[in-house]
Amino acid sequence: MYHKTLSYRIFSIFNNIFLSVVAVVCLLPLFHLLMVSLSSASAANGGLVTFWPVGFTLEAYSITFENENFISSLWVSLQRTVLGTTFAMLITSLAAYALSKETRDFRARKVYMWYFVITMLFSGGMIPNYILILKLGLMDTLLALILPVTVSVYNLILLLNFFRTVPRELEEAAFMDGAGHFRTFISIYLPVSMPALATISLFTMVMHWNAYFDGLIYIKETARLPLASFLQTIIVQADMTRFDPTVVQKLSQRTIRASQIFIGSLPILIAYPFLQRYFVKGIVIGAVKE
Amino acid sequence: MKATALQNTPPGLTQSKGKKKSKRQPWSLHLMVLPAVVLVFVFAYIPMTGISMAFQDYSARLGFLGSPWVGLKHFRSMFENEYFIQITWNTLLFACSKMALNLIIPFLFALLLNEVRHMGLKRGIQTLVYLPHFLSWVTLSGILIDVLAQTGLLNQFLSNVFGIKPIFFLGDGFWFRMTIIFSDVWKEFGFNTIVILAALSGINPSLYEAAEVDGATRLKQTLHITIPALIPIMIVIATLALGNVLNANFDQVFNLYSPLIYQQGDIIDTFVYREGLLSGQFSFATAVGLFKSGISLVLIIISYRLAYKFAGYRIF
C-alpha cells in the first residue's frame, strides 16, 4: 500500500499544509476587509489593521444602514432577485419541459432548439440592447433589469437535460391516468426535479444579486439603483456626483467602503456553504455528461 | 375520431404507441414554450437587427430606416485606428494568459487535492477556493482596490518582509496586466478544479488496485492512470475556452481600469462601451462590437466541433 511508505507520508503532510495555505490565502483579502470594516476609522486610515480589528466598533455599519441610498438600493436588489428568479424559473422550466420531449412526440422541438441556441452564439451587443430598452420605455424600471435576462439558454439546456433523466414510466403513468402536459409537468416533473431546480434558481439568484451593469446604464434615478450598481458607482468609480454632498464625506471613508462591500456580498456568503453541493451537482450536469 | 378511439383503448392493447403520443395535445407543448419564445424574440432577436447600425451613420433622430447607409466606412476607420490594434492585442494577451493559467493551475491543484485523504480537509479546501467564483467583480474589485492600494495590505506586507518600495498595482501598466491576469485566476481556478475533481472521481478504482498489485508507486499511478483519464475533460475545457479568445472579461477590466493605464489595460469591450454609450458614437461602437462577435462566433463553432470530435462533448 502506497499510503504507508515514508516518502508518501512526508509528501502528504506537505501537500496538506500547502493546499490549506493556498485555500486560506484565497479568502484572506475578504477577511482583511471585514476586519477593516470592524475597526475604528483612524486605525483603518493609518493602515494599522491586518487580520484583527483595531479599536473595535460597529460604527461603519450603523452609518451604512442610516444611509437612505444604501437602503433603497438594497430593497431594489432584493426585489429584482426574488421577482427575477421566480419569473425566470417559471418561464425556463415550462420551456425546458416541452423541449425535453423526444422529437417524435414534439416535432417542432428541433426548430425551437435552434431558435434558442442561435442567441447563445450571436447577440446584438450592448448598444442595440440599450436602444431597445430606451424605445420600449423601460428606462428606470425594474422590468429593464428582469425581462432581458429572464431566459438564459444555458440554464434552459441544463434543465432540459435534467428533465430527460426523469424515467419515462412516470410520465406514461400520468398520461394513462388522463393527465395532460401541464398536469404532468406540475405533479411529476417539478417534484422530482427539485435538486436541479434548486441549482438553477441559485445560479439565477447569484446572477441577479451580482448584476451591476444593467443598473448602471438603464437606471438613471439614484433611488432605483440596485445595490451592485450603487456599490460600483461609489466604490469602484468613486463617482459621488449622484449623491447628496452631505453624505459623500462619510461614504468615502475606508471603513464604510469596507462595510458596504461586505454587506453586499453577505447574502452570497450566507447561502454559499449550504448550497455549494448543489452548485457542484449543477456543474456536473452541465460539464461531464454522457 | 381515430385518435380518441386509440386513447380509450386499454393500455395492453395499444398498438402504435409512438403515433398515439404524437397526437396528444401538441398545442399545450407549444403553449409552454411560447413565453420563452416571445421574450427571446424581443430581447435577443430584435437587438440583432440593430447590427445594421454598423453600416449606417446612425442618429437617434433619423432612426434605423432614415439614417444614411455608409457601407464599410466604420470598419475601415477601425482598422486604420492604431489604438484599436493596441486594444486587440491587450484583449488577446489577457484572454490567452487567463485561459492557459486557468487550465494548468486547476489541473495541478485537483491532482494535489485528490491526494488529501482526510475528507473534511478536502471539502474545506474546496469550499474556500471555490467561493470567490460567486462574488461579483464589483465586490472583488472593491476588495482589490483596497488591498492593492499604495498603503494597502499587500504593499505593507511587501515592504515589511522584503523591503520593496510600494508598487502602484492599478496605476502602472505592467502591474495592471499582472493584476488582471492573476485576479482572474484567483476568482476562477476553484471552478475548474471542481470540474476536474468530478472527472477524477469517475476513474474506475480497479485500475488503481491493479497498478498497486503490480507495485506501481503513487507517482507512477498518477502519471499512467490519473493523467490519461483526465485528458478528455482537459480537451473539453481547452477547446470550449477557444471561443473566448476575444473575451478578456469586460466586468473585470471595467471595474479595475482607469484612464491612467488605457494603453496597457483597455480591451475591445470597454472601448465599445466608452465609444458607444459615453461618446455617443453608436455606429462606430456597433461596428467594433460586430467585428468582435463575428470572430468569436467562428471560433465558438470551431471549438464545439473540435470538442465533439476529440471528446464526444455535445451541449444538447
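Any Cβ shown, glycine's included, is placed from N, Cα and C.
These features come from TrEMBL:
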COMPBIAS  B:1-16  compositional bias 'Polar residues'
DOMAIN    B:88-303  domain 'ABC transmembrane type-1'
REGION    B:1-21  region 'Disordered'
TRANSMEM  B:27-46  transmembrane segment
TRANSMEM  B:87-114  transmembrane segment
TRANSMEM  B:134-154  transmembrane segment
TRANSMEM  B:189-211  transmembrane segment
TRANSMEM  B:223-246  transmembrane segment
TRANSMEM  B:282-307  transmembrane segment
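Ranking B:27-46, B:87-114, B:134-154, B:282-307 by CB pairs under 8 A with the transmembrane segment (B:189-211) puts B:87-114 at the top.
Only residues 6 or more beyond the boundaries of the transmembrane segment (B:134-154), in the same chain, are considered here, and those with a CB under 8 A from a CB of the stretch are 166, 168-170, 179, 183, 186-187, 249, 251-252, 254-256. Within the same chain, residues 50-51, 53-58, 60, 70, 74-75, 77-78, 84, 235-236, 239-247, 268-269, 271-273, 275-276, 313, 315 sit at least 6 positions outside the transmembrane segment (B:282-307) and bring their C-beta atoms closer than 8 Å to a C-beta of that stretch.
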